[in-house]
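Below: one structure, written as structure tokens.
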Amino acid sequence: MAAGVAAWLPFARAAAIGWMPVANLPMPVAPTEKNKRQDELIVLNVSGRRYQTWRNTLDRYPDTLLGSSEKEFFYNEDTKEYFFDRDPDVFRSVLNFYRTGKLHYPRYECISSYDEELAFFGIVPEIIGDCCYEEYKDRKRENAERLMDDQEDNKDAKLPNMTFRETMWRAFENPHTSTMALVFYYVTGFFIAVSVITNVVETVPCGSVPNMKEVPCGERYTVAFFCMDTACVMIFTVEYLMRLFAAPNRYRFMRSVMSIIDVVAILPYYIGLVMTDNEDVSGAFVTLRVFRVFRIFKFSRHSQGLRILGYTLKSCASELGFLLFSLTMAIIIFATVMFYAEKGSSSSKFTSIPASFWYTIVTMTTLGYGDMVPKTIAGKIFGSICSLSGVLVIALPVPVIVSNFSRIYHQNQRADKRRAQKKARLARIRISKTGSSSALLHSKRNGLFNEALELTGSNEDEKHLSKSTSLIESQHHHLLHCLEKTTNHEFVDEQYYQQSYLEAGLQNYPSRSPSLSSQDGVTGTCCSRRSKKHHHTPLPNSSAPAHMQPLKHSHSHPQGLQELSTIHIQPLSTSRSSLNMRIEEPAPLNCQSSQITTAIITIPTPPVTTPEGEAHHPTTPSLQNVVKVSAL
Amino acid sequence: MLTMNLEGLEMIAVLVVVVVFVKVLEQFGLLETDYDDSVEDELELSAVRHRPEGLEQLEAQTRFSRKELQILYRGFKNECPSGVVNEDTFKDIYAQFFPQGDASTYAHFLFNAFDTDHNGSVSFEDFVMGLSILLRGTVQEKLIWAFNLYDINKDGYITKEEMLDIMKAIYDMMGKCTYPVLKEETPRQHVEVFFQKMDKNKDGVVTIDEFIDCCQNDENIMRSMHLFENVL
């Protein structure tokens, strides 16, 4: 429970008086403060700096060092203060956590020293407030990455038992792992460069046969270039096949960008081999040759920078698209305007709107080739407006893209972080909710065991059971218990609720007076269902349906009201007696808590007042007194 | 002399130039055009601050000792630094005690019971007066307080509808996962039981005298009234 809210517990309990006139059952006894002492100031001396706070403030979180009795280890008798030999600055945050219920992470603190202090004082870092949680997680992640980087540098030893395939893949991905891989890496890089240069040089006009025009080198030394091309393509093919063989997931590898680039780079050669020197397809063949330039992208395996650029463009795709769209809009607008402005002038180059596109683009990008110029005054005015706006339109997006890139990148990360945080926060809230409700049920069980053990006089066990609940918790549980009594319903676990809901659906509502058969029938289903689920043999389950029935009929039986009140008062003795029956196992019961945790003991309701019920009594004398054990 | 043939498009061009010029002048503040003065409306009232009366006065008006008032105020101020609780904060605080159900309706009724001057906020004085009655008052006073809680429209009578609202609010706090399963008519049945017990002359409403009489004759209720006396 939050720290501040604990201070309002007295108010909530006082307000419970509003339920009293409505309740039909007597209320449970309130927990008393065993050692009620006045709230006192305690002094915490942290490396010489003295902090003072109320004892109650520290008691809010009993599972931390300062809230539990663990701090007694640090008590200094002579100076009557608690001395901690720790960092006093970080202790400020720790103490503020007790005061406000929120843990903050100061930015100037080193993350590892902060973590150490939290670990010392027994505080889980997950409860850092939302205001500082992001910063904390960021720093923690950075630190972890740094540690991991350090580790990776030492991790060059070859792992044993790697298959040949895995070795090859690893060699391909990390060239510096072995000399062979390094050699391969450089060789492929060299051949990529050679191939690209060849493609370029192919088109350079080199020397001319005297009576013919200049021919490009490619046509002059056809054989040589062909041999060079073949060699490069063979190397690329071999490399691609080797990668394909070594890939752990071939299908995924084939879909990856790099492999597509590889394929596109070598395909034109093979297509060229296959195709004959046909006039129709030679045009297409020439186009295919263009794709050879994609070999340059193979460099991106060798260069980290290219990869980052590619990722940048991909992640900025929407911004780039928007830029393109707005540019297109501006181009169309200005082209239209210029066209109509220049329509009047003679011998105008602005023959159509698409023709004006060229002028607009050239002007807006401040190129200004000068092949198309407006001649009319209107054209000149709009032309100048076009070039002025062009400066803005073109110059603006560049830093916008750059900042967009960093913004989008961080935003994506932050959105994921926020989603994870939200999930984590909801999970935390759910855990604390179920924690408090399960704590209630846990303590109910403990409370009743306490009663039983009180009778048997085993005080040690009682203390052992009650040490876990603090006073505030027991008061809170008492409050919830009062609510249960007021409404005559109990809090149960989700699982049990589903179960009982199903059972309630299966039961037919019996007639006004419970008959033998219906009770038996109901007993049968409940008993059989429950006996499958529990370890405890549910002797008392047969009284369970009887428990449910009087409530249903309370409005119809005038004596139902009395029944309800008798329900509680009477069996208090019988429940004890029933528990006494199991005295042989109190100690083992405590130990084998796994069995107990499935049980919650509720008060039985023997149908003493219904006449038909009397018929049962001779047959089930012990059953009616025994407590009902139901599942959690 | 220049002969300028102002044709259609050229006129538009000139217009555009003029407009741009005007806008630039506006930017420099040389031309004043009308703009809405909403700046002053942005001034919000700063957060309401409330300081309670002195400790001596509260000591005289309530049945708490000085130390108890100090403890109460510290807790109160921690949760509401501004010194007053409005209904939403109230609901939040109260809901934290009942994680399984929905405590907002009951918190609303409770808020109205504490807010005796009906100004929409509970100050520390209201809070402490209410607590004084609940924790240190006589049984009569507590019963009167409970009656006021149930009497939603404060007309001196508890009708079945009012009681049904209160009952539903209480059952809402239990939430869904209860044993036995909560049914639709459970609050109504409970209200019937209550009215049977309290409404002596069967006129369909419960007056304060009927209420107090009946409660004083019921030993369960009497006993439970003393339950929370050692809370502070």
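The backbone N, Cα and C atoms fix where each Cβ goes, and this holds for glycine too.
Marked as compositional bias 'Polar residues' by TrEMBL: A:508-528. Sequence annotations record features per position, and here TrEMBL assigns domain 'BTB' to A:40-139. The annotation region 'Disordered' is assigned in TrEMBL to A:508-558. Look at TrEMBL and you will find A:1-16 tagged as signal peptide. Annotated transmembrane segment per TrEMBL: A:180-201, A:221-241, A:253-275, A:320-341, A:353-369, A:381-402, in sequence order.
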> With the transmembrane segment (A:253-275) as the reference, which stretch in A:221-241, A:353-369, A:381-402 has the largest tally of C-beta pairs below 8 Å?
Replying inline: A:221-241
> Where else in the chain does the transmembrane segment (A:320-341) make close Cβ contacts, counting only residues six or more beyond its ends and a cut-off under 8 Å?
Replying inline: 313, 350, 352-357, 359-361, 363-364, 374, 376, 378-379, 382-383, 386, 389-390, 393, 397, 401
> Looking only at the domain 'BTB' (A:40-139), what are its DSSP counts of helix, strand and coil residues?
Replying inline: 47 helix, 20 strand, 33 coil
> For the domain 'BTB' (A:40-139), what is the mean per-residue pLDDT, to the nearest integer?
Replying inline: 89
